[in-house]
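Structure record follows, encoded as structure tokens.
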Amino acid sequence: MEKFVCDVCGYIYDPVVGDPDNGVAPGTKFKDIPDTWVCPLCKLDKTHFSKVE
């Protein structure tokens with residue numbers, strides 16, 4: 001699965017792990033995360049993330 005990085009703070013969203021502390025279950029693809037989700041470190045929305053190449 002593809003990882004995504006926050007362009008501002010460097011947080012990496014790993015779909016294998018998810019973000020269970022913020023309601024995103026392990027195995028959730030980035031595109032399937034609700035638009036209301038924000039980066040757990042800097043609190044910016046999904047538009048500030050880029051795919052890790």
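Backbone N, Cα and C define each Cβ position, glycine as well.
Since we're looking at a predicted model, the values are computed, not measured.
Taken from Swiss-Prot as is:
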{"type": "BINDING", "residues": "C6, C9, C39, C42", "note": "Fe cation binding site"}
{"type": "DOMAIN", "residues": "1-53", "note": "domain 'Rubredoxin-like'"}
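Feature map: Swiss-Prot annotations on the structure.
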residue : record                 : Cβ neighbours (10 Å)
C6      : Fe cation binding site : 19
C9      : Fe cation binding site : 13
C39     : Fe cation binding site : 21
C42     : Fe cation binding site : 13
Please spell out the DSSP helix, strand and coil residue counts for the domain 'Rubredoxin-like' (1-53). 9 helix, 12 strand, 32 coil
Other residues, Cβ within 8 Å of C6, C9, C39, C42 Cβ centroid (Fe cation site): D7, V8, G10, Y11, P40, L41, K43, L44, H48
